[in-house]
Ligand SMILES: NC(=O)C1=CN([C@@H]2O[C@H](COP(=O)(O)OP(=O)(O)OC[C@H]3O[C@@H](n4cnc5c(N)ncnc54)[C@H](O)[C@@H]3O)[C@@H](O)[C@H]2O)[C@H](O)CC1
Ligand SMILES: [K+]
């Protein structure tokens, strides 16, 4: 699907079908958490690798707070590194950040590249909830720093909805693009994911349904 179409599906699911955005976000985050947890099974060790979830300013970040809550329930040590103070979040993202705070999930705010160098360590699962379908252009400022530092660490990298820096309509990566080992994308594959140039940045792709009715998916030709 095209970026604008998947955003339209989101709006119609909420505005016309009356599905709460919180329900869509919960389905997205829970589905993503299950795929991240499945990464672990191959290693055999019963110690669950720590997970660091990088959260941006929008609903892609909001997904990260849901992912954190579900991964904790699945036995993973989780922590959230947000690139914005949580009181700057709005809507469904703010709601889930507030739930995460009340639930005692560790949240640290990174304000500079130095903060990110300190906060991101090796041998973790790093989850990219920085920018999703609301991104325009190459990652700017602290978002570019976060991608650069995350790519430099030894560990497993998971992109949520799309790797930050990748144009999901064309598949063309920015100079700074999150290099994911796995991408969990919502509702449907993004058109750009079929561009071979995007492959090194996507890793293994999983599509997670978020409860959008089949009738609506069929209207957009994805069911
Ligand atoms: N039906 C669905 O697909 C659902 C998707 N969900 C998730 O929501 C995001 C889209 O959320 P949105 O708030 O619209 O946008 P982002 O989270 O991507 O944030 C965009 C935000 O970031 C700033 N920004 C934009 N471009 C840049 C840039 N180049 N550098 C730095 N900062 C940038 C700007 O402030 C924008 O407003 C979707 O991807 C899914 O993850 C729902 O959770 C469930 C339903
Ligand atoms: K992302």
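Using N, Cα and C of the backbone, Cβ positions are placed for all residues, glycine too.
Annotations in TrEMBL come from automatic prediction, not curation.
Record note: TrEMBL gives 59, 60, 61, 62, 63, 132, 133, 134, 135, 136, 137, 138, 143 as (6S)-NADPHX-binding, and the candidate from 46, 115, 161 in that site is 161.
Site annotation (TrEMBL, ligand K(+)) includes 60, 164; from 122, 123, 128, the additional listed residue is 128. Put simply, the two farthest-apart Cα atoms among 59, 60, 61, 62, 63, 132, 133, 134, 135, 136, 137, 138, 143, 161, the recorded binders of (6S)-NADPHX, are 21 Å from each other. Of all Cβ atoms in the shown protein chains, 29 besides its own fall within 10 Å of the Cβ of residue 164 (K(+) binding site). When the binding-site residues 61, 128, 137, 143, 164 are checked against ligand 2, 128, 164 have a Cβ within less than 6 Å of one of its atoms.
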